[in-house]
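According to Swiss-Prot:
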REGION    38-60  region 'Disordered'
COMPBIAS  38-49  compositional bias 'Basic and acidic residues'
BINDING   ARG48, ARG54  NADP(+) binding site
BINDING   ARG125, SER126, SER127, ASN243, ALA244, GLY283, LYS298, PRO299, THR300, SER301, SER302, ARG324  FMN binding site
Amino acid sequence: MAGNTIGQLFRVTTFGESHGIALGCIVDGVPPNLELSEKDIQPDLDRRKPGTSRYTTPRREDDEVQILSGVFEGKTTGTSIGMIIKNGDQRSQDYGDIKDRFRPGHADFTYQQKYGIRDYRGGGRSSARETAMRVAAGAIAKKYLREHFGIEVRGFLSQIGHVKVAPQTIGDIDWEKVNSNPFFCPDESAVEKFDELIRELKKEGDSIGAKLTVIAENVPVGLGEPVFDRLDADLAHALMGINAVKGVEIGDGFAVVEQRGSEHRDEMTPDGFESNHAGGILGGISSGQPIIATIALKPTSSITIPGRSINLKGEAVEVVTKGRHDPCVGIRAVPIAEAMMAIVLLDHLLRFKAQCK
């Protein structure tokens with residue numbers, strides 16, 4: 001199975017399955033002499049890990065990361081950084097009923113058809129549990145971006161189902177508030193509505209989709225490589241690679257369909273840009289404005305409501321998903337999306353420094 005690596009100069013490779021012994025990753029390209037320890041990585045993992053609130057899966061994992069290599073006397077050496085997280089709360093017996101059945105809406109069918117074998121326990125490699133290592137790698141990228149370039153990468157949940165967060169102006173977002181509630185939401189009124197909606201869904205045994213926004217501030221001009229390695233193209237690739245993501249928007253995204261050129265173009269004055277409809281990227285290259293990306297995540301198919309499907313023999317069957325699952329996967333996706341944006345930005349920054357300055 002290929003496709004486990006992202007990046008060119010800053011490269012991240014992950015491995016492991018949902019119910020395997022452990023998850024791990026190799027991070028190549030981290031510049032030397034960056035002060036780094038598990039304490040720099042753990043906070044983002046704690047934001048993503050399961051079992052932290054009543055709104056997410058009850059599976060409880062400590063998600064304690066261990067650095068295996070690439071750090072000496074508290075600083076990166078420039079060699080590959082190896083990290084691992086051990087799994088501890090697997091209940092593989094919950095998945096015995098779907099060993100020979102395909103859960104509708106999941107990767108069960110496609111993995112079986114492609115490889116002729118699949119790890120049915122919790123989805124195996126296709127499980128969002130794999131993203132823990134992306135978050136670990138992303139924490140390193142975020143630290144380097146922050147300390148060496150002053151770049152901040154942060155995200156918030158902007159919609160669950162029909163409940164939308166009030167429009168946010170970047171400079172007015174209260175990031176402490178975002179990180180103080182289980183929904184990563186800057187709008188207190190929306191938090192209450194999110195709570196009601198998730199409680200209702202849990203009673204019904206159903207799930208719901210979500211939308212979240214990621215913002216990178218203080219990104220310099222010049223990141224991105226025409227024509228196939230455009231910064232927005234690489235961001236879209238990275239964000240689409242997150243489990244359950246079905247759509248990515250940069251800047252105004254699909255709203256540009258209804259805009260006119262006189263409205264959409266980001267006009268400039270000697271003092272700078274007057275708007276940011278493009279989301280901080282022009283011609284595939286960063287413009288110096290905040291980079292804004294929005295992603296849409298589908299409702300998880302792991303629900304207790306019976307669904308029609310087939311088994312390995314192609315026979316019609318009914319599937320009821322057991323186990324422990326998130327009623328809305330978008331809630332824990334905020335730190336994952338931040339990580340993917342940070343990984344792409346650091347990769348492009350290193351490429352920019354190698355080529356241009």
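Cβ coordinates are placed from backbone N, Cα and C, and glycine is handled just like the others.
Projection of Swiss-Prot feature records onto the structure.
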residue : record               : Cβ contacts under 8 Å, 6 or more apart
ARG48   : NADP(+) binding site : ASP63, THR131, ALA132, VAL135, ARG332, PRO335, ILE336
SER127  : FMN binding site     : GLU17, SER18, ASN243
ALA244  : FMN binding site     : ALA128, LEU297, LYS298, THR300, VAL329, GLY330, ALA333
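THR300 (FMN binding site) has a Cβ environment of 23 other Cβ atoms inside 10 Å.
With DSSP states grouped into helix (H, G, I), strand (E, B) and coil, the compositional bias 'Basic and acidic residues' (38-49) comes out at 11 helix, 0 strand, 1 coil. Other Cβ atoms within 10 Å of the Cβ of SER302 (FMN binding site), summed over all protein chains shown, number 21. The number of other CB atoms found within 10 A of the CB of ARG125 (FMN binding site), across every protein chain shown, is 19.
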